[in-house]
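Student: This structure is in structure tokens; I'll ask about it shortly.
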Amino acid sequence: MAIGDRAMFTVLLLFIASISGFSVVRCVTDPSDVQALQVLYTSLNSPSQLTNWKNGGGDPCGESWKGITCEGSAVVTIDISDLGVSGTLGYLLSDLKSLRKLDVSGNSIHDTLPYQLPPNLTSLNLARNNLSGNLPYSISAMGSLSYMNVSGNSLTMSIGDIFADHKSLATLDLSHNNFSGDLPSSLSTVSTLSVLYVQNNQLTGSIDVLSGLPLKTLNVANNHFNGSIPKELSSIQTLIYDGNSFDNVPASPQPERPGKKETPSGSKKPKIGSEEKSSDSGKGLSGGVVTGIVFGSLFVAGIIALVLYLCLHKKKRKVRGSTRASQRSLPLSGTPEVQEQRVKSVASVADLKSSPAEKVTVDRVMKNGSISRIRSPITASQYTVSSLQVATNSFSQENIIGEGSLGRVYRAEFPNGKIMAIKKIDNAALSLQEEDNFLEAVSNMSRLRHPNIVPLAGYCTEHGQRLLVYEYVGNGNLDDTLHTNDDRSMNLTWNARVKVALGTAKALEYLHEVCLPSIVHRNFKSANILLDEELNPHLSDSGLAALTPNTERQVSTQVVGSFGYSAPEFALSGIYTVKSDVYTFGVVMLELLTGRKPLDSSRTRAEQSLVRWATPQLHDIDALSKMVDPSLNGMYPAKSLSRFADIIALCIQPEPEFRPPMSEVVQQLVRLVQRASVVKRRSSDDTGFSYRTPEHEHVDISF
């Protein structure tokens, strides 16, 4: 018996030990999650409220970081609501691949939303902060969202057509912001939406897109909506619509006691077509009470109307003043239509009350009438010259990995093993004004956050130097990959080429249409598209155009190395806009299609200019097949090739006004990717390019 007990005890100890060992292993948090949380903690100014959080190291799952919930080694919930933290959301939230719930509501978080958010969220709550800018396009890919709340911020511009793929969204709260424009048409496709709050914005147009939704609660109060309220909305349990200009505002039924449940903002109106039931419906109200309620309501309504009139009158005066100031500070580049849009957008932003900690750029009008720009805080790290000298071996020739119009780029290895890329700007390339504006440009570049843009990590201004520190992307650039005679071009399959085109298109879309004011790249070329190990593209030199001289003579000197990419309007007048970037993007797409350089003096005269040679052939199926890069070995789908050529033709049109915006280019490339599947094509001397191949030759390796 004793032996049996001892054996049983031994087995029990082994079981406990195994369980303990398992729990220890389970507590080791995924390294990418740890890094993302560390960046978030630093971006929030390392607040003491986040107990157990660390700037470096640590184990969020094993050490019970405040607000963090894990499943195994993955972080699935971040709930740091109502803790009074401030700062920004950082730039690595998208690395939290397993995160399902993010709640940072009720804090003082400011700045713009990160362009990339955790992709698999089911619940997103950013309410009651000081967030500005617009909703990032990446929300369109977050198809698992069932709850989204960004209310009580300072978000601006249009909401964006970002809900087409949201098949689970039940609650959407965009209220108490400064959104403008019409409701996005993609809202009509959200068949699961039951609660929608958009009150207290600057929205316009009709609400017809909501007519087919299964809404139970809808609040559109205090906007600029017009037209008719669709009769389909009569089944909504709670409808709040006052403060607009609807044509068919229904008459109110007999006064009744308000229910216990209150909805956010706006006065509650009975639902259209039927009466609301009071919880005490069996108890009648006397005539005197009804009369008192009516007169009391009229008195309160009169006071509210007077207050609203005074507020609106004051607001209009502020908007007029801020619009005039904003117009003076806008860049002169771009079409008149773009400039007009910027005036409207900046005016609406200027009217908002920003917290002192917000990173905004303000134009101060001096007594002499000039404008002094107050620079935003710089989010990038500041380096010393000595540390950069050590990391680059005193900027030795062996460390040079590139050279551009503003200076050379060096590979830098720091003592901790971190590898970075250092751009050493040649001060001779800058005028005095550009030197003075260097820190302002650094501030703007440090805030660019996009997965396809090389991030600025730091800078140095010691001893008159101008040095920029970038994240290192170590797999070369697209120019070398396409145009050098080695195995790298063989690895660039058709799918990879479309992937590069889509990624860089999204980067330009971000610069042109997400950033405010728009950022013109002005040096977009294959040599500035860096590739990582998975052939994801990363656009370099974004924002550097602010440092280049502004005169036509100087600009021509700066981009002489990019000849072959230049848009016709730039060659004629020196004018460069976002539409010029679209043109150069089309040239890069031609490189991806043909494998040829934009200018190649080794070819016959008729084929030296890629654009001139290729343009007449883009809509000729037979000619198109002969243009394709031979290194693809016929491995591409014919329809995808044709659509790719159609996009190129749009981008390289001679007239800039006919070129599409980058958002349209992105949409077309996304559709191309969705339809794409690689089909092996055969080419022979007798039949030429084969657009029909036997069934056994189909290879399904679509995106």
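Each Cβ is built from the backbone N, Cα and C atoms, and glycine gets one as well.
Pulled these features from Swiss-Prot for this protein:
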CARBOHYD  N120  N-linked glycosylation site
REPEAT    122-142  repeat 'LRR 2'
CARBOHYD  N130  N-linked glycosylation site
REPEAT    143-165  repeat 'LRR 3'
CARBOHYD  N149  N-linked glycosylation site
CARBOHYD  N178  N-linked glycosylation site
CARBOHYD  N226  N-linked glycosylation site
REPEAT    234-256  repeat 'LRR 7'
TOPO_DOM  313-703  topological domain 'Cytoplasmic'
DOMAIN    395-672  domain 'Protein kinase'
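Looking at the shown structure, what environment does each listed feature sit in?
Tutor: In the three-state DSSP classification, N120 (N-linked glycosylation site) falls within coil.
The local packing around N130 (N-linked glycosylation site), expressed as other Cβ atoms within 10 Å of its Cβ over all shown chains, amounts to 19.
Distant neighbours of the repeat 'LRR 3' (143-165): 100, 105, 113, 120-135, 137, 171-187, 189-190, 192, 197, 203, 264, 345, 348-349, 352, 354, 516; these residues of the same chain sit at least 6 beyond its ends, with a Cβ under 8 Å from one of its Cβ atoms.
The DSSP secondary structure for N149 (N-linked glycosylation site) is strand.
Reduced to three states, the DSSP call for N178 (N-linked glycosylation site) is coil.
Remark: N226 (N-linked glycosylation site) has T204, G205, S206, N244, S245, F246, D247 as non-local neighbours, by Cβ distance under 8 Å and separation of at least 6 in sequence.
Across the residues of the topological domain 'Cytoplasmic' (313-703), the predicted structure has a mean pLDDT of 75.
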Student: State the Cα to Cα distance, in Å, between N178 (N-linked glycosylation site) and N120 (N-linked glycosylation site), rounded to an integer.
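Tutor: Spelling it out, the Cα of N178 (N-linked glycosylation site) and the Cα of N120 (N-linked glycosylation site) are 27 Å apart.
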Student: Note down the number of other Cβ atoms within 10 Å of the Cβ of N120 (N-linked glycosylation site), including every protein chain shown.
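Tutor: So the number of other Cβ atoms within 10 Å of N120 (N-linked glycosylation site) is 14.
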Student: Round to a whole number and give the Cα-to-Cα distance in Å for the pair N120 (N-linked glycosylation site) and N149 (N-linked glycosylation site).
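Tutor: The separation of the Cα atoms works out to 16 Å.
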Student: Tally of helix, strand and coil residues over the repeat 'LRR 3' (143-165) according to DSSP?
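Tutor: Per-class counts: 0 helix, 5 strand, 18 coil.
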Student: What's the CA to CA span in angstrom from N130 (N-linked glycosylation site) over to N149 (N-linked glycosylation site)?
Tutor: 14
Student: Near N149 (N-linked glycosylation site), which residues of its own chain have a C-beta under 8 A away, given they sit six or more steps off in sequence?
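Tutor: The answer is S105, L124, N125, L126, A127, T171, L172, D173.
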